[in-house]
2 protein chains.
Amino acid sequence: MTATLRDLGEFELIRAITARFARGRDVLVGPGDDAAVLAAPDARVVVTTDLLLEGRHFRRDWSSGVDVGHKAAAQNLADVAAMGARPTGLFVGFAAPGDLTVDWALALADGLAAECASAGASVAGGDISSADAIMLGVTALGDLEGRAPVLRSGARPGDVVVLAGSVGRAEAGLALLTAGRGHDAGVDADAGVDAGWAGLVAAHRRPRPPYPLGPAFAAAGAHAMCDVSDGLVQDLGHIAAASQVRIDLDLAALAADGPLRSAAAELGADPLDWVLTGGEDHALVACLPPSAVIPAGCEQIGQVLPGAGVTLAGRPAVGRGGWSHFA
Amino acid sequence: MTATLRDLGEFELIRAITARFARGRDVLVGPGDDAAVLAAPDARVVVTTDLLLEGRHFRRDWSSGVDVGHKAAAQNLADVAAMGARPTGLFVGFAAPGDLTVDWALALADGLAAECASAGASVAGGDISSADAIMLGVTALGDLEGRAPVLRSGARPGDVVVLAGSVGRAEAGLALLTAGRGHDAGVDADAGVDAGWAGLVAAHRRPRPPYPLGPAFAAAGAHAMCDVSDGLVQDLGHIAAASQVRIDLDLAALAADGPLRSAAAELGADPLDWVLTGGEDHALVACLPPSAVIPAGCEQIGQVLPGAGVTLAGRPAVGRGGWSHFA
């Protein structure tokens, strides 16, 4: 029989989970006391928090415990990077039913730890509770290393809009899963699933935010930055509103790649929809002064102009709740 | 008709909620960007996180939105104080059904804000999601002001054990509510409920941790400290285990007061049970060197001896899951 959380009990579970977490250099006091103590060398700390609920933010039949761990960590660590900070620590409240397998919980811990490691951070504390469904409350912290935080409100006409990371791929992967066309696709591509599609499903399961680009954009003098979690048009819309500018996107720079186009053709979808409105890839998008040296691995996708809202090659692109095809 | 979250929509709800939060002096960037920025003047930051779930940690028919806000903030801010730190900021992930009234959500925000203010902190960020039941993921941060964190592992034989705040009262209040004997008791005592009992119910609804005593115990040279959230015997058991010492409690110092005794008599309970095993008052308990000046407002309740475990006037008192009557 596979052991469940109820079999193991709370204290043994905590012991087993925390044993998976390597203590990073910023963790001064780790799990096990009333609270943890984290280094904040810059004398300021960047903090963000998110809830992830089973059935709303992930499905256990579509994502493994490791996947959910990666995703939960990534979406918070990306927010830290989007301020221009280096991620340092992650704190995880975890609630689950007593009949959840211990293996799933340990896989979750492994995913959290691995994603933190890829961002240079570590899991430094948490909380465990019982619940009817799995839920996670994740908080990430980061260090600004002496730089000013990069807000959404600083974009200026003349800035170039630069994208790091992918957009639309996680949404396409979710569409494939929803259509029953990617359910069995392993991250490394299984038989029957086109290798390109497996990459889309993987993008849904384990987004790969470009963490180092957050500090790199800040160091390059970015005037504004955010992570793309609700879709490119909507998130850039927040920058446009906060900065009182217009952001015009370049259609050519946002052309969908082969896997996106073939998946869209198969599902009868518009790949540009995914690119413009798909969240959860956790790309970073920054507005840089035109004189800035654009960091390697990024692409200019638009420019900042006087005005308001987000436009696509000069035509209105934004509707409430995401992109709407221009009339 | 009373407006619901669904009527208001996510973005208006966020606007309405964040408008309730005064920005404290430690909040450098508040709600509204990818992440907040908090001052960490000490170059270290104390961090703790907890989940609170409707039906498990609170009931909407027993606690108002304001009550739940106070309680959610208090249980995390108390953990920060228990490290010897000054609470600075609170981050709240809030998930709720669409048919929850806006009034309840705003009352929650008011409770969070008021409890933060009473601890010298402020709500600095959060996240909102929809869910089938109300759930909160709360993270509190604090500043050590140059002091070493007070861990659970530093108690030494010869130390005196000192309590700040009440124990057993929240548990008694919950017992009254469970028995249908305090359901309608307002914080200010309603007709039909003895004033003393209303105070017990209030302790369940809005625990009052003695925040300033955390830094005060640390400044007084405390060797070990924790907050009492799982019951005095169990929480002191954690200190005893981590410090490899025995903690002996003084029965006389832990005598139940009038309201506890009368409520226990009414319900057929043992008031000492509540005192020894009742959590959620979020008192602070510290082990101080015998030479220390005990801060005002505290009481010595025991001493640290060589050995292991927690004893009550020399006799074994600890069982797994809480106190068990000595045989």
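Residue 1 is the first one shown; counting continues down the chain.
Positions of Cβ are set from backbone N, Cα and C atoms, glycine also.
In the three-state DSSP scheme, B:Thr48 (Mg(2+) 4 binding site) falls into the strand class. Annotation source TrEMBL lists Mg(2+) 4 binding site at B:Asp34, B:Thr48, B:Asp79.
Under the heading Mg(2+) 3 binding site, TrEMBL lists B:Asp34, B:Asp79, B:Asp227. Taking the Cβ of B:Asp34 (Mg(2+) 4 binding site) as centre and 10 Å as the limit, one finds 29 other Cβ atoms among all the protein chains shown.
A sphere of 10 angstroms centred on the C-beta of B:Asp127 (Mg(2+) 1 binding site) encloses 22 other C-beta atoms. What TrEMBL lists as Mg(2+) 1 binding site is B:Thr49, B:Asp50, B:Asp127.
Feature annotation from TrEMBL assigns Mg(2+) 2 binding site to B:Asp50, B:Asp79. Under DSSP, B:Asp79 (Mg(2+) 4 binding site) is assigned to a helix (H, G or I) in the three-state scheme.
DSSP assigns B:His57 (substrate binding site) to coil in the three-state reduction, placing it in neither a helix nor a strand. Non-local contacts of B:His57 (substrate binding site) by the CB criterion (under 8 A, 6+ apart in sequence, same chain) comprise B:Leu51, B:Lys71. Per TrEMBL, substrate binding site is recorded for B:His57, B:Glu280, B:Trp323.
The annotation ATP binding site is assigned in TrEMBL to B:Gly126, B:Asp127, B:Arg152, B:Ser229. In sequence order, B:Ala224, B:Met225, B:Cys226, B:His238, B:Ile239, B:Ala242, B:Ser243 are the residues of the chain that are 6 or more apart from B:Arg152 (ATP binding site) and have a CB within less than 8 Å of its CB.
Sequence annotations record features per position, and here TrEMBL assigns Mg(2+) 5 binding site to B:Asp230. Around the Cβ of B:Asp230 (Mg(2+) 5 binding site), 17 further Cβ atoms fall within 10 Å across all displayed protein chains.
The domain 'PurM-like N-terminal' feature in TrEMBL is assigned to B:32-142. Across the residues of the domain 'PurM-like N-terminal' (B:32-142), the predicted structure has a mean pLDDT of 96.
According to TrEMBL, the domain 'PurM-like C-terminal' annotation covers B:156-292.
Taking all protein chains in view, 31 other C-beta atoms sit within 10 angstroms of the C-beta of B:Asp227 (Mg(2+) 3 binding site). Around the Cβ of B:Thr48 (Mg(2+) 4 binding site), the same chain contributes B:Asn76, B:Asp79, B:Val80, B:Thr139, B:Ala140, each under 8 angstroms and 6 or more positions distant in sequence. DSSP classifies B:Asp127 (Mg(2+) 1 binding site) as strand under the three-state reduction. Contacting chain A by the Cβ rule (under 8 Å between Cβ atoms), the binding-site residues B:Asp79, B:Asp230, B:Glu280 reduce to B:Asp79.
In terms of local Cβ density within 10 Å, B:Asp79 ranks first among the binding-site residues B:Asp50, B:Asp79, B:Glu280. The highest number of surrounding Cβ atoms within 10 Å, among the binding-site residues B:Thr49, B:Ser229, is found at B:Thr49.
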